[in-house]
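Lifted from TrEMBL, the feature list:
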- 1-91: region 'Disordered' (REGION)
- 41-58: compositional bias 'Pro residues' (COMPBIAS)
- 74-89: compositional bias 'Low complexity' (COMPBIAS)
- 141-174: repeat 'TPR' (REPEAT)
- 308-341: repeat 'TPR' (REPEAT)
- 518-551: repeat 'TPR' (REPEAT)
- 581-610: region 'Disordered' (REGION)
Amino acid sequence: MPGLVSVKTPPDAPAPRISLPDASPRSDPAPNPNPIQAHAPTPPKPASPLPKKPPSPSPSRSKFSPRKPPPESPGSAAGAGAGVPPDASLDNPDLGPFLLKLARDTIASGDGPAKALDYAIRASKSFERCAADGEPSLDLAMSLHVLAAIYCSLGRFEEAVPALERAIQVPEPGRGPDHALASFSGYMQLGDTFSMLGLVDRSIGCYEQGLKIQIEALGETDPRVGETCRYLAEAHVQAMQFDKAEELSKKTLEIHRAHSEPASLEEAADRRLMALICEAKGDYESALEHLVLASMAMIANGQDNEVAAIDVSIGNIYLSLCRFDEAVFSYQKALTVFKSSKGDSHPSVASVYVRLADLYHRTGKLRESKSYCENALRIYSKPVPGTTTEEIACGLTEISAIYESVDEPEEALKLLQKAMKLLEDKPGQQSTIAGIEARMGVMFYMIGRYEEARNSFENAVTKLRASGERKSAFFGVVLNQMGLACVQLFKIDEAAELFEEARSILEQECGPCHQDTLGVYSNLAATYDAMGRVEDAIEILEYVLKLREEKLGIANPDFEDEKGRLAELLKEAGRSRNRKAKSLENLIDPNSKRTKKEGTKRWPGLGFRI
């Protein structure tokens, strides 16, 4: 049975390139459809568990039975090598494999993908015409995979999607392992393409379907299933769906521990991913445990650079736990290794400088913090060959956060603008750019440039909606920030809509007692009061006060502020406080048609919470 292997992209993989399926019959029973290393699979690379860029699309590794090319005649286009037969001759069953070979040869000769694209289109048409009625053609599926890969290499990802959607309809997994492999490869490649388009939800859906097919073909405990589980877990991490990512990562770890030697590279990679997920969920002790075990495995395998990378992650955990001395030790240990193995100007060195700058900023040593920031910026301004734009953009974004913290928003803005310029033409970076634009919106808001802040937030919201992240807590926070910018521009109706949407998302993702959710409640109540919807504002504040009294305690200074605001509204409405809190779903009537009062009395500063 041919193996179904995860389409695993190393984090430090080079730019996507075309890698076409081999036309010769394969004796290997377990082909590897790795998108970057399709011809020469490499050992698993124990790099950072979270890719710095989304997986790159790749051709399928499904098999097909090559046919002999037609005999060359002196007057034929094939014999001259100067063209291909006209469409009318595509009914010849020998032309499909021949045209596909021409596409491969064109890529190999360096003539460029444009000519190869024409050959691949004609090959797929030939396979389509020659397919027997009612019989699925794996040759057709494979040619469509290759066609999609060429589209992706040209940056035409939207055109690759229909080809792959047609390709996954061809195989029937129930017919045997070859069909299962073709179907699995198609779904994984389609997921990669959606990822490059920033369509995270659709990407994950394709990966889940591919995993399902793989499990049906190989069983739940096959090592290759573990690789796909880890790949899917990484996609969930990128989508900030940490619970699902944790479940898949645990399954991956169990599979690899059952099939690999103790302290294997596979187990180390799994533990690094688990540590990342635990850190994101605030479980720092568990994250530290996984990182220590991963470091031990890397030491046992002689992977010094990977040990240094794990030391940086360990330093991050110590920093989160306020164990600053231990964090400094971990960072300095990693810095020594990176300098000796990669040189003083490598981006890995710059990344450690950034972490040290953040640490010294948190401990109040601002001079040391600024010095490390400047050292990192010098490296990023003159990157060594091989440095990716994603690495530079990530570093600039992190440094901007430090400048923001020391009250230098103008300098932070410049760094964010540089980072966004580096990424704006890169496929698959929509979510990252959205995050940068949201940060820029915050900077503009802080310095009073509210129109620019609103525009930045609007751009971020548009990209997050398109990428399928409209249900994340981050999306809710961005909506809240955009609403605040609208308030400053006196666009109260628009602000109310944004706060309402943010409230529904944060209630679902964070719960009603979370600080972000409470802030949106307060902002929405203030907005309703400004619109003349006093009863709605009163109901929200009564609910918030009840939450604080019964679940959160009244020591928070916001409690007295909200209590005073509620008393003012009740006095205006001629009522006393209703101690019977209503159920949350009845708090707000989105279809309320109360008349707006232009001269409604407002609280000082409208009571908005940033």
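One-based numbering along the chain as shown.
Quick reminder: no glycine exception, Cβ is built from N, Cα and C everywhere.
Keep in mind that TrEMBL annotations are predicted by a computer and have not been checked by a curator.
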In the repeat 'TPR' (308-341), averaged pLDDT is 96
Tertiary contacts of the repeat 'TPR' (308-341), defined by C-beta under 8 angstroms and 6+ residue spacing from its ends, are 47-48, 272, 275-276, 279, 284, 287-288, 291-292, 294-295, 298, 348-349, 351-353, 355-356, 358-359, 362-363
DSSP puts the residues of the repeat 'TPR' (308-341) at 31 helix, 0 strand, 3 coil
Counted with DSSP (H/G/I as helix, E/B as strand, rest coil), the repeat 'TPR' (141-174) has 26 helix, 0 strand, 8 coil
Checked against DSSP, the composition of the repeat 'TPR' (518-551) is 32 helix, 0 strand, 2 coil
